[in-house]
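Chemist: Please find one structure pasted underneath; my questions will follow.
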Amino acid sequence: MCLCGLTASFCGGKPSEGVFVGAFLSMSSTAVVLKFLMERNNINALHGQVTVGILILQDCAVGLLFALLPVLGGTSGVLQGVISMTKSLVTLCSFLAILSILSRTCVPWFLKLMISLSSQTNELYQLASVAFCLLVAWCSDKLGLSLELGSFAAGVMISTTDLSQHTLEQIEPIRNFFAALFLASIGMLIHVHFLWNHVDILLAAVILVIVIKTVVVTITVKGFGYTNKTSLLVGMSLAQIGEFAFVLLSRASNLHLIEGKVYLLLLGTTALSLVTTPLLFKLIPAVIHLGVLLRWFSPDSNQTEIAYKGDSICADNGKRITLMVQGPRDL
């Protein structure tokens, strides 16, 4: 954020607009990245845990960013903005504390009750699980926090129970439906005529976003003592712009924080970065293999982090081993 603000000042732009663009670009897609990690069975891998931790912190910061926007737009003073951000932080801590208590008391009882009532059919349990997640997301939104944070918190609450795996199996068809609906909604936001006239700028912006975010995140994670491979995996996983950036963008436009052309360009950049994310994920094994060949990474370190079902890897004795249990290859 500070770097983008300084860059905007040096280029003759408004520092407030640069700070917003920095906050906007820092967001990554929780929905897309988690889907990728779950389908690769990499949630419990080291790079998966680091990635999920960063995504959680980003979702927690959404309320603070909302409080910061009026200050950047000039509609409120700095003191009022600090007070608003403090209120958001207190609300966030209180909300997470309450959910932590409920996850140990009410949630296990509720899920066991629903599974006992739905012994003949699974529809009731599916409906109850989805309703619970929507309720937590709704409460989070009403408190001024993000829907994404509430939805993620609901999933974490269910994961602490003994029925987490059963719940995941029951809602998987619904998850795939909402994933398709989410991608369709992104397509509806695209202004094809404007983007076609500025396709060169759009492609350059998307490439810059992917490269810069990958480099910055990789260097940052490496600074905390992780290996080169883990750092690069985290960096490439977080290289897109998150879906919640659409909400920030709409709010900034209403506050006249950004101009119309900048709004459309950022909108197109976000949408295209999300669309190209599955392609970027498929490049990860090739990039890691190239890193091994160039001796950036150790060839014997955690092959399972980058290998998928049906892939072959070289063992120490030169024989090739085909992996059979690492999950589906395609998104």
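For all residues, glycine too, the Cβ spot is worked out from N, Cα and C.
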Chemist: According to TrEMBL, which of these ranges is transmembrane segment: 122-141, 262-281?
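Modeler: Checking TrEMBL against the ranges 122-141, 262-281, the transmembrane segment one is 262-281.
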Chemist: Tally Cβ pairs under 8 Å between the transmembrane segment (176-195) and each listed stretch (50-69, 89-111, 232-250, 262-281), then give the stretch with the top tally.
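Modeler: It is 262-281, which has the most Cβ pairs under 8 Å.
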Chemist: How about the transmembrane segment (232-250) and the transmembrane segment (89-111): do they have 3 or more C-beta pairs under 8 A, pairs 6 or more apart in sequence?
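Modeler: They are not in contact.
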Chemist: Which bits of the chain, at least 6 residues beyond where the transmembrane segment (262-281) starts or stops, bring a Cβ under 8 A of a Cβ in it?
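Modeler: Distal contacts: 17, 21, 24, 29, 32, 36, 183, 186-187, 189-191, 194-195, 198, 201-203, 205-206, 209-210, 236-237, 239-241, 243, 245-246, 249, 252-253, 331.
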Chemist: Return the stretch with the most CB pairs under 8 A relative to the transmembrane segment (50-69), choosing among 19-38, 89-111, 201-220.
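Modeler: Most contacts with the transmembrane segment (50-69): 19-38.
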